Amino acid sequence: MARLRFSKMHGIGNDFVMIDQRTNPTDLTPERCRLLADRRLGVGCDQIIGIYAAKHSNAVVAYRIWNADGSQAGQCGNGARCVAAWVQREAPGKVGQVMHLESPKGVHRAQCMADGQVQISMGVPEFTPRNIPMVGFADMQDSYALALPGFPEIHFGAVSMGNPHAVVEVDDVAGMQIEPLARAVQTDIHFPDSVNVGFAQVISRDEVQLRVYERGAGETLACGSGACAAAVVLMEHGRVARSVTVRLPGGDLQIEWPQHGQSVLMTGPTAFVFEGEFDFEGQGL
Ligand SMILES: N[C@H](CCC[C@H](N)C(=O)O)C(=O)O
């Protein structure tokens, strides 16, 4: 196999290996994803984003998402912004152009703004437990109680943004050791497909501090779908306004959810880091 050409990008520190599967089709096995994501033996990234020809007529491209552990995901908010920026760079149209991107879970409106910010329409949040998926809780509730061995009972909100999220409101997100609790939630039987776990501290009605321990990647500097998940769960609880700045360790995202039944809008920056080639054969893959 010829060497794999890729672009390295990030969305406020959530970093990606971007592969154009139309020009260099690559079989992204779990082993290859883990090697690509390895920060010593590979390129290093939180997720791999494969770009494909779109099936939906109004979408300019389709994208698929692999976590660093080789598992696939249904959505990646920071990755979607990078796909839009990648398309804009590959085929520079008028700045501010609107395009549509096809994710595994649907088609999303994207707009690259003149100031470099990218807005993605992330879709309508899904709170029905079985559609998250989450089992063992009868119906849609404001919040759910989960008792985990070795941890005090937690109350959390749960939502799908095309991928599963549990959101725990905390008092001091910066001072927390989030990994042990997050891993306990991820392996709990209530989440058959595991789950991304967000820890959110409300700073004001229009400001939230958030850290996310992601499914398949661990704690990342930012999680776009996690920022949407935290914002809509807190909005449902009346804790924040319908437009909120979510401050993650890697930077800020603006999340708006005008009303129930409408799509969540996420706006934030992207960055190109470098282009490269990767030699799987040289490492036996
Ligand atoms: N770990 C996530 C996928 C990446 C999401 C995140 N990087 C984002 O920006 O939304 C999952 O398995 O559902």
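All positions are counted from 1 along the displayed chain.
Cβ coordinates come from backbone N, Cα and C, glycine included.
Secondary structure at ASN14 (substrate binding site), as computed by DSSP, is strand. Here the Cβ of ASN14 (substrate binding site) has 30 other Cβ atoms within 10 Å, regardless of which shown protein chain they belong to. Taken from TrEMBL, the feature substrate binding site applies to ASN14, GLN47, ASN67, GLY77, ASN78, ASN163, ASN196, GLU214, ARG215, GLY224, SER225.
Residues or ranges marked as active site by TrEMBL: CYS76. Listed in sequence order, PHE16, GLN47, ILE49, ILE65, ASN163, GLY224, SER225 are the same-chain residues six or more apart from CYS76 (active site) with CB atoms under 8 A from its CB.
Per TrEMBL, active site, proton donor is recorded for CYS76.
Around the Cβ of CYS223 (active site, proton acceptor), a 10 Å sphere holds 35 further Cβ atoms from the protein chains shown. Positions annotated as active site, proton acceptor by TrEMBL: CYS223.
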Whole-number Å value for how far CYS223 (active site, proton acceptor) lies from ASN78 (substrate binding site) (Cα to Cα): 7
Pairwise Cα distance for ASN67 (substrate binding site)/CYS223 (active site, proton acceptor) [Å, integer]: 12
Which of ASN67, ASN196, all binding-site residues, has a Cβ with the fewest other Cβ atoms inside 10 Å: ASN67
